[in-house]
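Novice: Below are the features listed in TrEMBL for this protein:
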- 6-333: domain 'Acyltransferase 3' (DOMAIN)
- 5-23: transmembrane segment (TRANSMEM)
- 43-62: transmembrane segment (TRANSMEM)
- 83-103: transmembrane segment (TRANSMEM)
- 136-156: transmembrane segment (TRANSMEM)
- 161-179: transmembrane segment (TRANSMEM)
- 185-205: transmembrane segment (TRANSMEM)
- 217-238: transmembrane segment (TRANSMEM)
- 244-263: transmembrane segment (TRANSMEM)
- 275-293: transmembrane segment (TRANSMEM)
- 313-336: transmembrane segment (TRANSMEM)
Amino acid sequence: MKNYIIGLNGIRAIAVFFVIISHRFPENHILHSFPLGKYGVDIFFVLSGFLISRGLFFQINLKKNDLNSKVKILKNFFINRSLRIFPIYYLLLLFLYLTKGIIGNSFKENVSWYLLYGANYLNYLQNKWFGPLSHLWSLSVEEQFYILFPLLLVFVFRKRILLFLILLIIIGTFYPFFIDGIGGVLTLSCVNAFGIGGLFAYIEVYKKTHVFSFYKWTLFLSIPILFLIIVHNLYITIPFFPERLAISVIAIHIIALCYLKPNSFVVNKIFNNKFLNFVGVISYGVYLYHNIVPKYWNFILTKLNICSVNTQFSYIEFLFQTTFIIGLSYLSWIIIEKPILKLKKYN
């Protein structure tokens with residue numbers, strides 16, 4: 001199993017820029033012709049499904065099928081995930097709580113949902129988005145997946161991994177059609193993206209000789225899927241079109257491309273260019289902070305009696321804000337995240 005796959009940081013960077021554009025550009029902008037924010041989140045889900053699954057599959061292959069080995073796999077997994085996710089997430093929540101007058105009353109009223117990674121269910125139950133905090137739903141989905149997937153994999157589906165992944169893809173594809181409101185934020189609506197990522201991980205770990213066939217098949221599927229996405233968003237709304245599944249197939253094909261052809265022009269010059277690679281490394285912080293920074297940005301400008309053009313979209317202000325967010329995320333990575341990650345266990 002490859003320890004490092006060139007190009008994945010570039011994919012992360014593109015995904016987070018999709019989300020930023022979706023949140024910051026005006027609704028009538030041409031880039032809103034496609035739901036880039038949803039695409040970015042789905043790409044993150046596929047990446048998570050692939051990377052988390054391959055690590056767990058590898059550990060399962062190494063360990064015995066006894067209770068102590070299962071507990072050890074889960075213990076190491078949960079420790080490593082906690083060290084990666086929790087520190088800056090809970091530091092951000094603390095900062096928001098201490099400055100809750102700026103972020104608004106919705107955070108104070110619903111703080112327990114965010115503390116327990118339940119933002120997606122909060123959004124669904126109240127059928128609305130919570131402004132600068134609206135993006136936290138996807139982090140809740142990821143955390144819920146990180147808890148349930150390893151437990152089910154290790155204790156229930158260890159001998160039926162492929163069946164488990166197929167079930168995830170089927171459930172995630174059809175579940176959204178049976179719920180109302182913004183049900184796309186519920187974890188069961190998202191598991192198809194994780195499952196597709198896990199499917200490639202399964203092929204890499206257990207069916208190594210089929211990796212290239214998987215790459216070819218996803219390429220074969222991606223071409224008509226891309227056509228359908230364009231038609232669906234620009235011309236005719238296709239009833240019951242599983243757009244998350246469609247984006248997930250394209251995303252996993254690009255991941256397979258990075259895996260198989262790291263020296264190709266697309267991977268080496270585009271997905272692995274220095275800027276995208278840099279942003280990809282700090283993409284968790286960029287995602288976490290991007291929707292909150294503008295709120296504090298405007299508050300500070302108001303206090304300083306400096307006019308902000310936030311009421312009308314400005315490319316200059318967008319550039320300044322995005323640069324600031326990247327800088328803040330880099331500091332977060334250097335000062336907090338990277339030192340803590342050195343505590344991760346791999347045994």
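Cβ coordinates are placed from backbone N, Cα and C, and glycine is handled just like the others.
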Novice: If contact means at least 3 Cβ pairs within less than 8 Å, sequence distance 6 or more, would you call the transmembrane segment (161-179) and the transmembrane segment (244-263) in contact?
Specialist: yes
Novice: Would you say the transmembrane segment (313-336) and the transmembrane segment (43-62) are touching, if the rule is that at least three C-beta pairs must lie under 8 angstroms and be 6 or more residues apart?
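Specialist: Stretch pair does not touch.
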Novice: Determine whether the transmembrane segment (185-205) and the transmembrane segment (244-263) share at least three Cβ pairs under 8 Å, counting only pairs 6 or more apart in sequence.
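Specialist: Yes, the transmembrane segment (185-205) contacts the transmembrane segment (244-263).
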Novice: Is it true that the transmembrane segment (83-103) and the transmembrane segment (275-293) have 3 or more CB pairs under 8 Å, sequence gap of 6 or more?
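Specialist: Yes, the transmembrane segment (83-103) and the transmembrane segment (275-293) are in contact.
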Novice: Which residues of the chain, 6 or more past the ends of the transmembrane segment (275-293), have a CB below 8 A from one of its CBs?
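Specialist: That would be 8-17, 19-20, 23, 44, 84-85, 88-89, 92, 96, 103, 132-135, 139, 321-322, 324-326, 328-330, 332-333, 337.
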Novice: Quick test of the contact rule: Cβ under 8 Å, at least six residues beyond the ends. What residues does that give for the transmembrane segment (217-238)?
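Specialist: Distant contacts of the transmembrane segment (217-238): 33-35, 246-247, 249-250, 252-253, 256.
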